[in-house]
Amino acid sequence: MTDAGPNLTPLIIVTLTLVSFIVAGLRARARSASDYGIGGRYIGRIGGGAAIASNWMSAASLLGMGGLLYLQGYYALAYVIGWTGGYVLLLVLMAGQIRRFGKYTAPDFMGDRYASPSAGLISAGISIIISIIYCTAQFKGIGMLFGWLFGTSYRNGVILGSVVVVGYVIISGVLGVARNQQLQYTVLIVSFILPLMALAYKLGYFWPLPQFGYGVAIQDLKQEFGINFTAPFASGSLFQWISLCFTLMVGTAGLPHVLSRFYVVPNIRDARWSLVWGLFFIALIYWSAPAYAVFARLLEARSGMPLPPAAAGKMADIIVIKTAVMGGLPPWMVGVLAAGAVSAAFFTVAGLLINGAASFSHDIYYRFINPRASESTKMALSKGAVVALAAIVMVIALDPPGLIAEITAVAFALAGNTIFPAFLLGIWWGRANRQGVISGMLAGVVITFSTPLFGHFLPFVAVIFPLTSSAFFGAPAVIAIMVVVSLLTPPPPEEMRRFLAERVHGHMD
Amino acid sequence: MGHDRDWYDVNIFRPRKGYMTGEVVIILFVLLGWAAANFGVQAILFLLAESPNGEGILTRLTFLSFPWHFWFTAQFLPLWFIILCILFNIYIDRHTEQHSRRKDRSHD
């Protein structure tokens, strides 16, 4: 491990990977401009699934999850379950209905369904806050990786990484690089699983399917070193596990950038089946992450240098990379792994910054401040917003408030407490109205941040609404508020109720 | 249209006759499978715990060399979610076809 100097081979591989995405994007654009319709070229159900998975994969999936599993063992499986089980909710409760409703973004849906520009404005604000929190987690991953690649401090890594990622976003925007999500997913999955196979092979475990062959390593860890990686409630209680898991699930079903994925395929049936493929591709990564954590523990124990908890916590977020280094993998393979993690973080940041900026220029500025703004003004504002958002995120990331997956979980809690209930009732209860959704979303924001806001003088708040797990009680509370306020105020417009009944539910009867 | 107000009141707990009733039944079954496997097994793990950190019979059993509970949560549950999604799609596709006036998939 050469923390003192730059890791040249991995650095070159990461650079080449990022450049190749821009080149591949430009070539694809030049070759088949006519193949791209609304929302991108139609690529079939499997391709659609790869797009869903690539859109989903972030630093939290490739780095953060491994880190938390390494620190907390079984307890961190709540992340694996939360981030896969949420897709079941999304599929059965929302996917088809949102598509029939025909609105692409959360602010558009709110504004239309509840006939309320204010509801649209609030959800645009919430979407931007979600983007900022989510990006902070990505920037932490980028900062740690850049610090390691260049052999410099985390702080320098964040600053350097921010400059590069904003440059990447601007280049992609200016050149109009098409996002080739199947290529992206292929790079992510190969770069994550290939080094894992090599590690399993080197350590002498079943390597052809390493994600299903590390059970013996768990036994070895216990028998040789007395480390029990799998004790169910060693790092948290049953309530903490379930509330975290539930929060991540409803958050998954309420994340704005996930909700808008159902428009790249031509019909509802394909959208539903793409989601199944997407979940399978996501699971491939999530079946693998625990193996990295187990191998990390084992390699540490075998080297006789288990880290003290404070040091382990500091490096947990790049434990996946450190495991590859500890396991003695060749530098090029460590580089491939790093390239996958950097790519995941970059794609996510690019998507979120662009969406966040569009939300600001379109949903807030154009609709509320200056409806007569020209396209060029909106464009300039959008670019400015990318830089401003990135600057805010960078400042927060310099002193990160937690581990990557934990920071990400707060974004999920916010989505689960606000957008999920608003969509759920918006689709499944015709009586939900403007007043209900506005009070519900505002209450959801307060609930999400109630622990840092009131936790120190109202201790029970911190128990009921933990920052990363607040939606277990929060989402039902918001739903109850929405129901009560809606019933106390006049019903929504009749046309909308008729539209819901005829178009969204059972239009073919 | 000649429908009274109740006709267009959408409520998941009072699904309208026809397509929506069947749809809600399928959804409820999937959600039941989702919740039972997910939260139910964690609760059983808790009830069978013999020590504060939760060790018990299910953590001593092994499957594919994994402690059973770890295999179930880390490996089987994501697979179970995929299976649930496949089942949901199969049933909802069939249900949609049954309720479609035309059988040419124009309802998609």
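Every residue gets a Cβ built from N, Cα and C, even glycine.
Some features that TrEMBL has for this protein:
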| type | residues | note |
| --- | --- | --- |
| TRANSMEM | A:12-30 | transmembrane segment |
| TRANSMEM | A:42-70 | transmembrane segment |
| TRANSMEM | A:76-98 | transmembrane segment |
| TRANSMEM | A:119-139 | transmembrane segment |
| TRANSMEM | A:159-178 | transmembrane segment |
| TRANSMEM | A:185-207 | transmembrane segment |
| TRANSMEM | A:238-259 | transmembrane segment |
| TRANSMEM | A:271-289 | transmembrane segment |
| TRANSMEM | A:379-398 | transmembrane segment |
| TRANSMEM | A:404-429 | transmembrane segment |
| TRANSMEM | A:441-465 | transmembrane segment |
| TRANSMEM | A:471-489 | transmembrane segment |
Ranking A:42-70, A:159-178, A:404-429 by the number of C-beta pairs under 8 Å to the transmembrane segment (A:119-139), which range is first? A:404-429
The transmembrane segment (A:159-178) and the transmembrane segment (A:379-398): do they have three or more Cβ pairs under 8 Å, with pairs 6 or more apart in sequence? yes
Same-chain Cβ contacts of the transmembrane segment (A:12-30) under 8 Å, 6 or more residues past its ends? 145, 149, 168, 171-172, 175-180, 183-184, 187, 332, 335-336, 338-339, 342-343, 346
Comparing A:76-98, A:159-178, A:238-259, A:271-289, A:471-489 for Cβ pairs under 8 Å with the transmembrane segment (A:185-207), the winner is A:271-289
Of the listed stretches A:42-70, A:76-98, A:159-178, A:238-259, the one with the highest count of C-beta pairs below 8 angstroms to the transmembrane segment (A:471-489) is A:238-259
Under 8 Å Cβ-Cβ from the transmembrane segment (A:42-70), and at least six residues away from its ends along the same chain, one finds 76-77, 79-80, 83, 134, 137-138, 140-142, 144-145, 181-182, 184-186, 188, 192, 257-258, 261, 264-266, 270-271, 273-282, 285-286, 289-290, 292-293, 296-297, 312, 316-321, 323, 340-341, 344-345, 347-348, 351, 403-406, 408
With a Cβ cut-off under 8 Å, give me the same-chain residues at least six positions beyond the ends of the transmembrane segment (A:238-259) that come close to it. 55-56, 75, 78-79, 81-83, 85-87, 89-90, 93-94, 98, 105-106, 123, 127, 130, 232, 351-352, 355, 409, 411-416, 418-421, 423, 466, 468-475
